[in-house]
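K.L.:
Submitted below is the structure of interest, expressed as structure tokens.
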Amino acid sequence: MTPAVFLVILCLGVVPGASALDLSLDVQWQEWKIKYEKLYSPEEEVLKRVVWEENVKKIELHNRENSLGKNTYTMEINDFADMTDEEFKDMIIGFQLPVHNTEKRLWKRALGSFFPNSWNWRDALPKFVDWRNEGYVTRVRKQGGCSSCWAFPVTGAIEGQMFKKTGKLIPLSVQNLIDCSKPQGNRGCLWGNTYNAFQYVLHNGGLEAEATYPYERKEGVCRYNPKNSSAKITGFVVLPESEDVLMDAVATKGPIATGVHVISSSFRFYQKGVYHEPKCSSYVNHAVLVVGYGFEGNETDGNNYWLIKNSWGKRWGLRGYMKIAKDRNNHCAIASLAQYPTV
């Protein structure tokens with residue numbers, strides 16, 4: 001196995017032309033700036049207002065279509081509303097290493113023994129899983145302007161497995177991964193991947209807690225102290241590219257680190273409902289933690305979802321979470337790069 005096959009993640013734009021501002025949005029603009037503590041220079045204010053208005057109108061159109069049953073989720077004006085798609089991609093998402101299909105096939109063969117016939121066990125699995133209710137999941141965090149999305153699901157998956165083993169839920173240090181996994185191939189706040197992060201924890205012999213190595217939203221000098229180690233792993237498992245296998249793993253193992261393809265024009269404004277984006281592809285550019293699954297309405301309605309934990313703060317989505325379409329041909333590549341640690 002090589003890191004090149006895995007998700008590389010930086011962690012999530014077109015500069016608008018000059019246009020007249022919609023004065024009817026003045027009050028809403030001022031309220032939004034206060035809510036999200038936005039401060040601009042006079043020159044920047046106009047540019048940001050134009051972008052914000054374009055996003056507001058796009059969100060309003062989407063939600064009108066939702067009321068007519070044309071889509072399955074609603075969007076909202078949030079912290080990212082003053083950013084173009086390109087600005088958002090540069091800050092949160094970014095670059096992906098190439099995927100080598102030959103090596104993917106090798107992984108699938110090697111991992112077959114981990115999940116013998118798991119795709120036939122679907123009916124025996126629970127209809128709903130939410131590891132938050134079982135104490136496996138720490139609070140939602142916010143990565144900010146650091147492209148560190150790759151680190152959050154790694155700490156999240158380890159936190160869950162350590163809780164399963166010890167009964168203690170300890171928030172682990174994302175900053176430890178950002179500062180110290182460069183020898184494994186990660187690049188701090190520029191980009192990284194989950195494979196390299198798991199490799200670091202495995203070969204380093206431990207990972208510090210958030211309490212002793214807090215998040216700084218920027219890369220620093222590695223200052224890992226083995227005396228402060230709060231978690232160790234014995235290895236990690238890479239799942240075959242299958243939603244059935246992912247379902248089995250989520251139900252029987254716990255929270256699973258994975259990747260998704262983020263369409264910045266819709267994903268970043270998600271509010272509620274089951275996210276289904278026709279423009280999604282197999283191009284993975286963001287990392288999340290799968291903490292459960294289920295369905296909305298009746299099981300036969302086709303509104304099955306994966307419950308994912310994001311790293312964009314509690315003001316995004318369902319207080320930091322999203323329901324993304326499940327059993328829809330690996331929608332947004334949700335099952336393509338799934339991994340979990342052993343402890």
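Placement of Cβ uses the backbone N, Cα and C atoms for every residue, glycine included.
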K.L.:
Where Swiss-Prot annotates a disulfide for Cys222, which of Cys180, Cys280 is the other cysteine?
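P.N.:
In Swiss-Prot, Cys222 forms its recorded disulfide with Cys180.
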K.L.:
Please name the cysteine among Cys146, Cys149 that Swiss-Prot pairs with Cys189 through a disulfide bond.
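P.N.:
Of the listed candidates, Swiss-Prot names Cys146 as the partner.
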K.L.:
Could you check which of the active-site residues (Cys149, His286, Asn310) sits closest to Cys280 (disulfide bond), going Cα to Cα?
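P.N.:
When the Cα distances are compared, His286 comes out closest.
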K.L.:
Would you identify which of the disulfide-bonded residues Cys146, Cys180, Cys222, Cys280, Cys332 has the most other C-beta atoms lying within 10 angstroms of its C-beta?
P.N.:
Cys332
K.L.:
Compile a sequence-ordered list of residues in the same chain as Asn310 (active site), six or more apart from it, whose Cβ lies below 8 A from its Cβ; state 'none' when nothing qualifies.
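P.N.:
Correct list: Val140, Val288, Trp316, Gly317, Gly320, Tyr321, Met322.
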K.L.:
Out of Cys149, Cys189, which of the recorded positions is least crowded by other Cβ atoms within 10 Å?
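P.N.:
Ranked by other Cβ atoms within 10 Å, the recorded positions Cys149, Cys189 bottom out at Cys189.
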K.L.:
Can you tell which of the recorded positions Cys146, Cys180, Cys222, His286 lies nearest to Asn298 (N-linked glycosylation site) in space, using Cα positions?
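P.N.:
Smallest Cα separation from Asn298 (N-linked glycosylation site) among Cys146, Cys180, Cys222, His286: His286.
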